[in-house]
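Colleague: For reference, the structure I am asking about is given below.
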Amino acid sequence: MITNKSKYYFFLILIFINFYLINCQEEYPIDQTGKCEPYIGDSQITKCSTFLPNINSIYVSANSTQKDSMKTLDNYFGLLLAVGSEKCKDSSLTYQTLCSMYLKECESFTDNSTLKTVSIPKRICRKTCNDVTKLCNIESLFNCSQNEPINNLPLCPLNYSIYDLSLVNGDSNYELQCYSPLSNDSIEIPVTNYCPFPLIYINSTDHSADEDRGYMFVSGNSNCVVPNPVPLYTPKQWDRLYDLSNSLSVLSCVGTLFLLFTFNILNKKINRFDRMNSLFNGSVFMMSLSGVIILFAGGPRALIKDGGARISVWQDPLCSATGFIFQLFSIAAILFWVVMSFELWYKIKFMTKKLDLKKYYIPFIIIVSLVFSIIPLATKNYRMIRGNMHCWVHTTKLQNSLFWIPLGIAITIGTIFIGLVMFEIHRIVSANSKGGVLKLEIKSILNVALIYLTFIYLFAFNFYMNGQEGVVYGQIESFYQCTLENDASECTIQGPSIGSLGFFIFCIRIYGVYCFILQGLNYRAYNIWKESIFFNNRFVSYIKNNILNIETSSTGSGGTSTTASATTTTTTKKHNGIDSLNIDSAFSKNNESDDEDDYDPYKKSKNNITLKDIEVSKS
C-alpha cells in the first residue's frame, strides 16, 4: 500500500530529476561564421544523401566545413563497411546517426529589422548515439559522452541544446530539440567496393575458396582483407626481419657447403663419420638453400601476392617448391642427427664391434622424409606462414602429425644417446684418472644444447602463434582507429614482440652456422686444407719460395735460418758444425699410425709426437 509519505518522496525525486535534466542542458555559444548550405553530395565511400533529414540545409562554419566532415565520415564509413557487424550494417539507424552527427541539420534565424542572420546546428541525441554504438559494438571506440573540442560542451546533448538568440531579437533561452531518427527499413543500405587503408578490397563471392587462395578477410561479411605482411610491426621492422632471414640463410648455406667440400672432396681419408656427417650437413644445406632460393627470387616479399592482398599458397611455384624442400630436408636432417648420435654412442660403448646399418637407415630416412613431405603437397597444404617469411606445412593438425610430434620424438631419442655418449666419455676418463672431462665433452654438450633448445623454442612459439591468431586478427578495429589518429605506417596490431619472432627466424635458419662452428673450426679441417691442392701447387710453392728467399736474405750470412714445411722442420746452425735437428711430422705420408682412426672427428686429440719421431743427424 502506497502511503502519503511515499508519494511525497516520489514527488521529490521527480522534481530532482527534472531539475537535473534542465540544468544539464548547457547553453551553446553561437558561432558568427556559422551558416546553412546545401549538401555537397556523396563521396565514393560516404553515402549520406538518403539518410540526412534535410539535404538542403547543412550546418557549416569556419571551424567545420563539409569537406572536413566528409573526410571523417569516409574513415568511419570505411571502418563500418570493413568490420561492422551484420546487424550494424543492415540498420538504417546506423547511417542516419552517423551522417547527422557530422553533417548536422542547420536552422537559421534572421532579425527582420537588421537583416542579421545566425545559424545553429541540431545535434544527435545522446540516447540515439549510445544505441548505435551498442548495436555496432564500438563503445570502446566512440564515446557518446565526449565534448566538442572547440567549446568543450557535449557532442550529443541529452534532450536539447540551449542558445541565446537575443542577437537577432529572439529568445535568450531558446531550446533546440536534439535529433533522434527512427529506423527506416525502406531506406536502401549503401553497398561499396571500398576498404579503408591499409585494408584491401577483394571482389569475393566465396570467402572459403578465397581464403584457400591466401586471402584473409577481416570478417565473414566483409570483402576487405588484411594486408601482408600483417601489420604486427612497422614496415621498417619487417625489413629488418627479412634481412635477418636472408643473412642467416646465406651464412648457413655457405657454412654447410664448406663442410661438404672440406670433408667429402678435399679430404683424402674419408671415414664412416665423414659420410654420416655429409648426409646430415647435406640436409641442413638444402634447408638453408630454400631460404636462399627465396632471397634470389626477391626475398620474403616475393611470397606476397596481389599487391599485399594475399600470401603465397601451394598453387604458387616458389612457395610449394621451397616449402617442400624445407619440410623434406628438415625431417631428413633430424633423423640423420639421431642416427649419428646412436652410432657415436655405439662406437664408444662397443669399441671392438663393428656396426653397418647404412643399407637400412638410409632408405628408411629417405622414405619417411618423402612421405611426410608429399602428404602436404598432395593435400594442397603448403603456404606462406602468415606473419612470417617462408612457406611451410599449413594447418595445426598437419604440422603436429607430420613435423612437431615426430621431431619431438626424434630429438628426445637423439638427446638420450648424446647423454649416453657424455656418460661413457666421463666414465673412461675418470677410470684413467685424467682431468679435463668438460673440455672433452664440450662439443657433445653444445650439440645437444643448441639443437634441443632451439627446437623447444620453435615448438613453443609455434603453438603460441596458433593460439594467438584469433587475438591478433581480432584487433583490426583498434588498429584502424590508430590510422585515423596517427601516421598509418606507425600503427600496428598488438601481437608477439619483434624480438620473439626474430629469435624464431634465427632458430629456423641458424643450423648451418651451428654445424660450421662445431665441425669446421678445428685442427682437422685446418690440416685438410693445409694438405689440399689449394696450398700444394706450383703457384703456392712459388710464392712460398720467394717469401723464404726474402727471409733468408734478411738474416745475413752469419745468421740463423729456419724453414718450415707441412711435413719437416729443419733448424741449421752454420757455425762450428753444430748438429742439425730434423723432425718428421706425425702425419707424414708413410707414417703407419696415420690411419682412419686418427681422423675420427669424435677423437679428442691427435697422436702425440714421441722421441722416436725425432732424428738427430750431422750436418
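Note that Cβ sites are derived from N, Cα and C of the backbone, with glycine treated the same way.
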Colleague: Based on the record in Swiss-Prot, give the one of CYS99, CYS106, CYS125, CYS129 in a disulfide bond with CYS36.
Modeller: CYS106
Colleague: Are LEU357 and ILE493 on the same side of the membrane in Swiss-Prot?
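Modeller: Checking Swiss-Prot: the two residues are separated by the membrane.
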Colleague: CYS48, CYS129, CYS136, CYS144: which one closes the disulfide with CYS99 in Swiss-Prot?
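Modeller: So the cysteine paired with CYS99 in Swiss-Prot is CYS48.
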Colleague: Among the residues ASN184, ASN281, which does Swiss-Prot list with the feature N-linked glycosylation site?
Modeller: ASN184
Colleague: Name the residue among ASN112, ASN608 that Swiss-Prot annotates as N-linked glycosylation site.
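Modeller: The N-linked glycosylation site feature in Swiss-Prot corresponds to ASN112.
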Colleague: For the candidates ASN159, ASN591, I need the one that Swiss-Prot annotates as N-linked glycosylation site.
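Modeller: Swiss-Prot annotates N-linked glycosylation site at ASN159; the rest carry no such entry.
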Colleague: Out of 322-342, 359-379, 445-465, which stretch touches the transmembrane segment (279-299) the most, going by CB pairs under 8 Å?
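Modeller: Stretch with the highest Cβ contact count: 322-342.
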Colleague: Checking distant contacts: for the transmembrane segment (445-465), what same-chain residues at least six beyond its ends satisfy Cβ-Cβ under 8 A?
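Modeller: Counting only partners 6 or more residues beyond its ends, the transmembrane segment (445-465) has Cβ contacts under 8 Å with 337, 387, 399, 404, 407-408, 411, 414-415, 418-419, 422, 496, 500-501, 503-504, 507-508, 510-511, 514, 518.
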Colleague: When each of 322-342, 403-423, 498-518 is checked against the transmembrane segment (359-379) for Cβ pairs under 8 Å, which one has the most?
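Modeller: That would be 322-342.
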Colleague: Does anything in the same chain, at least 6 positions from CYS99 (disulfide bond), have a Cβ under 8 Å from its Cβ, and if so what?
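Modeller: The list for CYS99 (disulfide bond) reads THR46, CYS48, PHE51, LEU52, LEU73, given in order along the sequence.
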Colleague: Excluding the flanking five residues on each side, which residues at least 6 beyond the ends of the topological domain 'Cytoplasmic' (343-358) place their CB within less than 8 Å of a CB in that stretch?
Modeller: 272-273, 275-276, 417-418, 420-421, 424-425, 428, 602
Colleague: DSSP helix, strand and coil counts for the topological domain 'Cytoplasmic' (343-358)?
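Modeller: Output for the topological domain 'Cytoplasmic' (343-358) reads 8 helix, 0 strand, 8 coil.
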Colleague: Does DSSP give CYS48 (disulfide bond) helix, strand or coil?
Modeller: coil
Colleague: For CYS36 (disulfide bond), which residues in the same chain are close in space, meaning a Cβ under 8 Å from its Cβ, but six or more apart along the sequence?
Modeller: SER57, ILE58, TYR59, VAL60, CYS106, GLU107, SER108, SER119
